[in-house]
Amino acid sequence: MIRKEKFGDEILKAHILVEALPYIKKFSGKTVVIKYGGSAMLDCNLKKMVMQDVVLMKFVGLNPVIVHGGGPEISSFLKKLGIESKFVNGLRVTDEKTAEIVEMVLVGKINKEIVSMINELGGMAVGISGKDGKLLKAEKDLSNGDLGYVGKIVEVNIEVIEMLIDRGYIPVIAPVSFGDDGKTYNVNADTAAGKIAEALKAEKLILLTDVEGVLENVEDKTSLISRMDLEHAKKLMDSGRINGGMIPKLKCCIKAVENGVKRAHIIDGRLTHSLLLEIFTDEGIGTMIGKECFDDDNL
C-alpha cells in the first residue's frame, strides 16, 4: 500500500500508456489531417500543447498533416493598416490588397511560427502553402456573391505532401491557393483541410474548434454527441438544429467521410492535449463521425 501511494502518479501514467497502446498499433503509418485554429492558436500554452501532441503522434508512428487558419491575426493586421474586415456568411471579403495581407500573415508569419515550434519540440516540420507544388488549385467562389479573391478548391495535388511524409517531415499547410488565372485565392481552412484529407484518403480528419463538439441541443452543454454515423449527421443537419460556425464544419466532415476519410472528428481545442485525448483514449473528448455505426471502441 505504501509503495502504491508512493508511486501513484507513475502507476497512473503507466495505465494511460497501456490504454493508448491499441490505438498506437492501429494508427501506425496512418495519416491524420488536423485543422488547427481557434483559441488553440491564440493561447501560448495551448499552442505549445497542440504542437507537443503533433510531435508525439509523429514519434509513435502516425503521419500528422497540419492545415491552419489565422483569421484573428489577419483581422488584427488589417486593423493596424486601417482596413476594415468584412464578412459574408463567415467568409472574408477579399480585395487585392487584403489578399496580399492574407498571404503575408498566413504564409510568412503564422506558418513559420508553427514550423519553428514543432522543430523546437524535436519534430521536423516543413511549411508550405497551397501554391507550392501546385497543391491547391482554386477558382473564384461565387456561391455567396462576388467576395473578391475568395476561392473554392477544384483540384488537390498531394504529391508534395506525400513526398514530405515519406521523408519523415510534418507538413504544415497555409490554405492560400493558386488559380489558372494567375490570381491568389483565400480559401477557408476547414474546407482546405477536408479536401486534403479526402485526397490523401486519410485515416482521420480532426477539426480543432472552440466548442465541445456537436451538441444535440445547442442550449444544453451536456448534450454532446460523442459518435455519429453519416445518416445521423445528415439528419441533424436537415433538422435545423445545427447553426452558426458548426454548419460548415459538420458539412466538411460529412463530405470528407463520404469521400473516403475513415473518421472525422470535431473536438474542443481549448482543452489541454485535446488531440491525444481524442485519438489515444477509449472515450475521446469530442464528436466522431464515421460512415457506419461504431463498435464499442474508439477505433
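Placed from the backbone N, Cα and C atoms, the Cβ positions cover glycine too.
Listed features, source Swiss-Prot:
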- Gly70, Gly71, Arg92, Asn186: substrate binding site (BINDING)
- Lys35: site 'Transition state stabilizer' (SITE)
- Lys249: site 'Transition state stabilizer' (SITE)
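Where Swiss-Prot records a feature, it is marked here on the structure.
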residue : record                             : Cβ within 10 Å
Lys35   : site 'Transition state stabilizer' : 30
Gly70   : substrate binding site             : 24
Gly71   : substrate binding site             : 19
Arg92   : substrate binding site             : 21
Asn186  : substrate binding site             : 26
Lys249  : site 'Transition state stabilizer' : 23
Could you name the residues, excluding Gly70, Gly71, Arg92, Asn186, of the same chain that surround the substrate site, i.e. Cβ within 8 Å of the Cβ centre of those residues, in sequence order? Gly69, Ile74, Ser75, Thr94, Val102, Leu106, Ala189
From recorded positions Lys35, Gly70, Gly71, Arg92, Asn186, the one whose Cα lies nearest Lys249 (site 'Transition state stabilizer'): Lys35
Site diameter for substrate, Å, by largest Cα distance between Gly70, Gly71, Arg92, Asn186: 12
Report, in whole Å, the straight Cα-to-Cα distance of Arg92 (substrate binding site) from Lys35 (site 'Transition state stabilizer'). 18
